[in-house]
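Data block below; observations after.
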């Protein structure tokens, strides 16, 4: 039995958080698993009782002085937590947390695996890109989600492993499950610029009026653009239901016929994986830089240009008007399910942990 500590900023409703919780829940059956997080608050996703969660001490950030002082305090609190955990391996998630862990681990012998969950281009501030470039060579291993990211990081990181996110539904849904589908089209994700939900709304406005009337269009997620998007729905004269953050997305997948992803940049979008298990047809933007890792266009899903609402509307009309074609796409997509099974991904992680421990 090993002691494994995960480190992450929060356990909110993001895809990286979902992946961490799924992996922690799988590993805790055979190992002692803990999660160290920077911020207070409960996990959005259900954790097994065996997983121990601790939050670093919280500090003030209300003035410039406190912002600066608190960052130093947070760093030393992280280092203390790492030392006291007496872990066999550390696994950190997301870029800024990775950088902090590399610095906080200096002098400690415990190996550190860092995990990237966005495309390398997503980190925009130059200072953070610089810190990533100079710090990442000091990790013991780096896991990435896309083939293009693996090529990029191998230029300066000694051990880079392509590890897909596990789908927590893989233990719940059998391969031959069938679902009672409704005329439902989904958008699931944060309501921010990168997820580009306005593209979804504009595409709906371009659909044939009969399709607009006969289908229900739903956005599950919340974020800074919600009010702006609600105004946009009114100005376009369309009907869209805003559900906010949804804990039980399974119920939506079971009913939905189509899922749309409109992002500019992604790592390995959770929604494109989860939808495989529920016979939901996937239409995705050709986001930078890994859409083709998950979708073979016109075979197991459909790809459209980034921010091209006209193309999205045409692809939507294609599958909404041709149920046989939609079913062909989802049946082909189901062949990918085995790639994301929890048991398979867990074993891949254990192999990587063994590598860094024995290095």
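Each Cβ is built from the backbone N, Cα and C atoms, and glycine gets one as well.
For reference, Swiss-Prot has these:
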BINDING   17, 71, 72, 73, 74, 190  substrate binding site
BINDING   45, 117, 190, 195, 246, 266, 267, 268, 269, 270, 271, 272, 273, 274  UDP-N-acetyl-alpha-D-galactosamine binding site
Would you say which of the binding-site residues 71, 73, 74 has the most Cβ atoms within 10 Å of its own Cβ? 74
Extent of the substrate binding site in Å [max Cα distance among 17, 71, 72, 73, 74, 190]: 30
So which of the binding-site residues is most packed in, judged by how many other Cβ atoms lie within 10 Å of its Cβ, out of 45, 72? 45
Which is it, of 246, 271: the one of these binding-site residues whose Cβ has the most other Cβ atoms within 10 Å? 271
Candidate binding-site residues 246, 267, 273, pick with smallest Cα gap to residue 71 (substrate binding site): 267
Of the binding-site residues 45, 267, 269, 273, which sits closest to residue 190 (substrate binding site) by Cα distance? 269
C-alpha of residue 267 (UDP-N-acetyl-alpha-D-galactosamine binding site) to C-alpha of residue 72 (substrate binding site): distance in Å? 30
